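A.B. asks: Pasting in a structure now, in structure tokens, and then I'll have a few things to ask.
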Amino acid sequence: MTRRRMVSTFILELLTIASLILANTETLFFKVPSTFRSESSEYDTASPHLSLVNTNRGTKEFDIPIGSTFGLELHGLEPGDTYQAKFCWTAADPVDVRVIGWALQRKKGSPSSKDLINVVNVELVPFSYPAIKTSTVPVIVSVAAVRLGLPVDLYSTLLYITLVFAATYGVYRHFLRSIVW
Amino acid sequence: MNVLKLIGVFAIVKSIQYLIVFLAPCVQFDTSTALFLSKFAGQEEINKWWNARLWNKLVGWDAVYYLKNAMQPSLQPEYEHENAFSPIWSQLIRAACLGDLSFYHVLKTGVIVENCLHLGASILLYFLTLSTFKVNTFGPQQRRLLALKTAVLFIAGSGSGFFLGVYSEPLSALLSFLGLLSREIAVEYDLHGGLVVTWYKWPIYTLFSTICFTAAFAVRPNCILLGLYYIFDLYKLLTSRDYGKAIFMPLLSGFGMFCFFIYYQYYAPYQIYCPSRGAWCSNKILDLPLSSQSLYNFIQGHYWNVGFLRYWTFNNIPNFLIALPNAVILWFSAIYFSHQYPYSNLKPLVLITRFLLIILIFFAHIQIINRISSFIPLHLWYIAHRHNRLKSMKGKKLKGDDRLVRFYVIWSIFWLPLQTALFASFLPPA
């Protein structure tokens, strides 16, 4: 394993750990097999789907039913790429995730067993007393390609945090150090 | 004069923090804020320039619960677990809104009240420090410097990133400091470290400090530890055979606090939820309308997996690392004021600090130490005390406490803006 790859893997591990800490967000990392090929380029847009055609990230809001598995088709994923799928719902809707996963499934109505599509599945369950009254919960699903061990939609935030850190260092070195010490 | 300085420091620190929030990318890591906003406000309102760039970014983590409770049509939270997020603090925001419960009005009012409370607590801490160290060997100038540094450390503390929004800690800190100050005014110590308290200070001790500590507990349950003051004082008065004062001062105060604890955590929730709720309602105490488990305890265990060693898992190592500076500084402050500077009036606070640390390490989500330790000032006094000495040690190699304090201060300088940026981006730690 090259050093760059090791660093990427390490960052990915850290991110996975961090994602587990979040309360109303569930994240999932998955890798599309490099041998993955969809026989037809036509996508079924009648089913819940998120398109990443010609882009490396996508975000969409869905009303996800409580108590049953919700499958979301992901269109335009690149073979061999790693992706992060993120499900965010508001704390005002007290639900929990029972099942979350990624799978390659055969396209609906397709006769060919090789005509596969990427699907992320999630099952929400009520988690409160009294139980939530609505049958669906709005959830924002974001899918982003992982580059250098980081989801691309996190780059702007990480860049900003780095800038804040650098600015703090500059302020400390040139002003605060002489005042504080 | 120093109070004016404090107000100036507060204004500068908060301005920098709000600038960091303002400049943060509008797309947060956790995108659930958009869903919360759309439940309570119109899209046009949400997308307004200032709302999109500043106010919306303050609606993250626990703020969601406080705001939701404040906007509830009834005083009772909608769901059981929302009782863990100080309904009293939410009611205070609601009262400050003067009837207008539109979302952005509630949010802005909450933020203004939060800032006022944070500033108020800082000023109170300044006077509490002056009062606490008046019996010690410091000169007036040194004492004022110590008080100023302590208050500045509180303003730019490790939880201050959260206190930009709508969190309950500044209110609990203000009530805690007020209670500590009133007790400090009421009691004195003799040469042997014995407790001396005069009858004419009974109202300050038994009424005022009890009300403050009890209210602090109602806002944040961890403030129940302040009750250890009364146990400590009771022990001191009993050993000096001052039975009258022992009964009518610490025993009465502690009993009052205990009664409120039973009412607030056991009796009142039982009236609302039981017996239909089942679960925590099932086991009663001696057929009384009280469950054997408190509602808060149940909520923490059931919804947030709080319990003995439950947080000690591999994936929580980053949280332990985030908490490490404060855990270390709290522990060393307790040692410092127990052995190196064993001031009699700080003994109860040393005990409280130790208890808090043990609870946080073994039972709670450890990273919350960064904000919930704000109700006790012992570690701030330790840092300020050692920092006073550091100025005279320029060029010398630092060891022990001095080295630790230097590290902590540098960590704080970097942590405050970093944590503010993380909070604005809706990234952990919570």
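Heads up, the Cβ atoms here are built off N, Cα and C, so glycines get one too.
Annotations in TrEMBL come from automatic prediction, not curation.
Heads up, here are the entries from TrEMBL:
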- B:117-133: transmembrane segment (TRANSMEM)
- B:145-167: transmembrane segment (TRANSMEM)
- B:204-231: transmembrane segment (TRANSMEM)
- B:243-266: transmembrane segment (TRANSMEM)
- B:320-339: transmembrane segment (TRANSMEM)
- B:351-384: transmembrane segment (TRANSMEM)
- B:405-427: transmembrane segment (TRANSMEM)
A.B. asks: Which residues of the chain, 6 or more past the ends of the transmembrane segment (B:405-427), have a CB below 8 A from one of its CBs?
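C.D. replies: The answer is 13, 16-17, 20-21, 24-25, 28-30, 32-33, 57, 60-61, 153, 156-158, 160-162, 164-165, 325, 328-329, 370, 382-383, 386-387, 390, 398.
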A.B. asks: For the transmembrane segment (B:145-167), give me same-chain residues lying six or more residues beyond its boundaries with a C-beta closer than 8 angstroms to one of its C-beta atoms, as numbers and ranges.
C.D. replies: 2, 5-6, 9-10, 13-14, 17-18, 21, 58-63, 66-67, 93, 107, 110-111, 114-115, 118-119, 121-123, 125-127, 129-130, 133, 138, 173, 325-326, 370-374, 377, 380-381, 383-385, 387-388, 412, 415-416, 419-420, 422-423
A.B. asks: Out of B:204-231, B:243-266, B:351-384, which stretch has the largest tally of CB pairs under 8 angstroms to the transmembrane segment (B:117-133)?
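C.D. replies: It is B:351-384, which has the most Cβ pairs under 8 Å.
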A.B. asks: Quickly jot the same-chain residues contacting the transmembrane segment (B:243-266) by Cβ under 8 Å, restricted to those at least six beyond its ends, or write none.
C.D. replies: 197, 199, 202, 205-206, 209-210, 213-214, 217-218, 221, 224, 227, 229-234, 237, 285, 290-291, 294-297
A.B. asks: For the transmembrane segment (B:351-384), give me same-chain residues lying six or more residues beyond its boundaries with a C-beta closer than 8 angstroms to one of its C-beta atoms, as numbers and ranges.
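C.D. replies: Hits for the transmembrane segment (B:351-384): 125, 128-129, 132-133, 146, 149-150, 153-154, 157-159, 162-163, 167, 169-170, 172-173, 176-177, 180, 216, 220, 222-223, 225-226, 228-229, 232, 300, 304, 306-311, 316, 319-320, 322-323, 326-327, 329-334, 336-337, 401, 405, 408-409, 419, 428-430.
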